[in-house]
Amino acid sequence: MEQKICVIGFSGGQDSTTLAVWAKKRFKKVCLVGFDYAQKHSVELECAQKIASLLQLPYEIIPLDFLENITRSALFKNSNDLIGHSHAQNKDLPNSFVPNRNAIFITLLHSYAQKLGASNIALGVSQADFSGYPDCKEDFIKSIEHALNLGSNTAIKILTPLMFLNKAQEFQMAKDLGVLDLVIKETHTCYQGERKILHAYGYGCDKCPACQLRKKGFEEFQANKK
């Protein structure tokens, strides 16, 4: 397999955008792949498309809108659940969790990597600031990498350079990569789809768990600069 192709799971958020720039500096070819899983706000996909264009990287969207028919999450556009509560199917998880979402995403990215002859997949997951999602943890990523390679007789690596970075460290990484302004102004994190108010850390409602996590990280990043 060609060693210089990397397929990235891309949402247009802080994590995957920082990851895309990191990968662009390391691989000859980088391909961004997003997923339309009937998420609550189309702004996420719109931001991803714009960022891909700014970075001059190819971007594919895979439709997965059937997901809301087979499972439950407050992130689905037809959900009446208010974000910030426990998940209806598992009280130990937040209701923004989409069961098996990352497993499905990674499986499709693995198939796409095989089609391209790529030996690397990169994900912007982190267990330092993982919002309570078990499918962002290193043990899960290593397990699914092993299972998918066994099932396809391949040796595709799943790279997770942000795995042990918190949001403050990710802001520092974006600065070191020269894209801090891009990350602040163009990426989307807010669960409410708010793009009208630009805060110091980026656009958002300033209230949802995603905004609070990003805000806290930016404040820590700023404090560490002093």
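In case you wondered, yes, glycine gets a Cβ from its N, Cα and C as well.
A simple way to gauge crowding: the CB of Gln14 (ATP binding site) has 27 other CB atoms within 10 angstroms, across all the protein chains here. Sequence annotations record features per position, and here Swiss-Prot assigns ATP binding site to Phe10, Ser11, Gly12, Gly13, Gln14, Asp15, Ser16, Thr17, Thr18, Leu19, Ala20 based on sequence analysis.
Annotation comment: Swiss-Prot describes Cys190, Cys205, Cys208, Cys211 as Zn(2+) binding site, evidence class sequence analysis. Its Cβ taken as reference, Cys190 (Zn(2+) binding site) is surrounded by 23 other Cβ atoms within 10 Å in the chains shown.
A Cβ within 8 Å of the Cβ centre of Phe10, Ser11, Gly12, Gly13, Gln14, Asp15, Ser16, Thr17, Thr18, Leu19, Ala20, the residues given for ATP, is found for these other residues of the same chain: Ala48, Ile51, Gly124, Thr187. Across the fold, the C-alpha of Gly12 (ATP binding site) and the C-alpha of Cys190 (Zn(2+) binding site) stand 11 Å from each other. Summary of the Zn(2+) site environment: with the site residues Cys190, Cys205, Cys208, Cys211 set aside, the chain residues having Cβ atoms within 8 Å of the Cβ mean position are Thr189, Tyr191, Gln192, Glu194, Gly204, Asp206, Lys207, Pro209, Ala210, Gln212. The most densely surrounded of the binding-site residues Ala20, Cys211, judged by C-beta neighbours within 10 angstroms, is Ala20.
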